Amino acid sequence: MPSRPRTDSPHRHEGPAGPARLDRDEARRVWGQNFFRSAGSARRFARQLTGAESAGNDSVTVEVGPGAGRITKELVRDGHPIVAVEVDPHWADRLAELELPNLTVVNDDFTTWPLPDGPLRFIGNLPFGTGTRMLRRCLALGPDRCREGVFLLQKQYTRKRTGAYGGNLFNAQWEPWYTFRRGLGFPRQEFAPVPGSDTETLLVRSRPRPLAPWSRHAAYQRFVEDVFNTSRLTIGEAARALDRRAGPGWLRGARVPPGLRVKDITAEQWADLFHACTPPPARRISPQRRR
Ligand SMILES: C[S@@+](CC[C@H](N)C(=O)[O-])C[C@H]1O[C@@H](n2cnc3c(N)ncnc32)[C@H](O)[C@@H]1O
């Protein structure tokens, strides 16, 4: 990782979603540019990222959408290498010109930019429009690579991700590998221009002991989706809808009461249901051992 700051433009995309130059008003709208007004608030936000030691010393920190660099300036203070990925060439250039130590500025779209190898920590005041897509991209790396995420998002969205309205498909699909907690909130007046809603930090951590193997995450997520897609209130009804004969059997195997509402199933119960419903593929016995 070069220590000199630079603007790196490995890709140029067509259209407004890529790092084309837009006029300032359009850029603010298209790329959700609501910047922290004060260094103090940016500092409080940045300090929610834990020390490198708990995320693994070998991890690289990626800042998503640094804009004018208020958060970036706080992050470079701990001397850890930072890669800041900014879609807007105007702000990527301005940030590179500051020549901050240990900073690499990349002018690219975070949703398609090829991520560095190895374990990563993510931080960003995410644009409202594409924040969910960015979050998914980080989670999809798996818990060995995505060690931590500190994301500023719309307050309602963070509340949803942290269980304020009960369980939901998104959380059930990711919670075997990650925990989601609420961090600091920042009212809309803390940003310029003022956005339409208040914000709150979503703190994501990879679980040191996942509830299911990451190698089976696709099957796990399909299973959870199938249950939600039945649109039944309780797991017992959902199980019967999915498989009339096997349903009650796997509920008993997972020791989950049939009357439990799907939205009240805990991360641990989802994992037990999955393991009871879809046991790992049987190990092949070689012809020699069969004899
Ligand atoms: C809410 S602003 C935050 C700016 C700055 N970090 C702050 O807090 O003051 C979101 C930033 O993400 C950038 N951005 C939007 N879409 C992006 C994308 N797809 N890839 C990388 N950066 C993006 C915007 O240009 C903007 O700088």
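From the backbone N, Cα and C atoms, a Cβ is placed for every residue, glycine too.
Whatever TrEMBL says is automated annotation, not expert-curated.
The feature region 'Disordered' is assigned by TrEMBL to 1-25.
In the three-state DSSP classification, Asn34 (S-adenosyl-L-methionine binding site) falls within coil. Neighbours of Asn34 (S-adenosyl-L-methionine binding site), defined as other CB atoms within 10 A of its CB across all chains, total 20. As annotated by TrEMBL, S-adenosyl-L-methionine binding site applies to Asn34, Gly65, Glu86, Asp109, Asn125.
Over the domain 'Ribosomal RNA adenine methylase transferase N-terminal' (41-208), the average per-residue pLDDT in this prediction is 94. Look at TrEMBL and you will find 41-208 tagged as domain 'Ribosomal RNA adenine methylase transferase N-terminal'.
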Of Gly65, Asp109, Asn125, which of the binding-site residues has the most Cβ neighbours inside 10 Å?
Asn125
Close in space but at least six residues away in sequence, with Cβ under 8 Å from that of Glu86 (S-adenosyl-L-methionine binding site), the same-chain residues are Gly65, Pro66, Gly67, Ala92, Leu95, Val105, Val106, Asn107
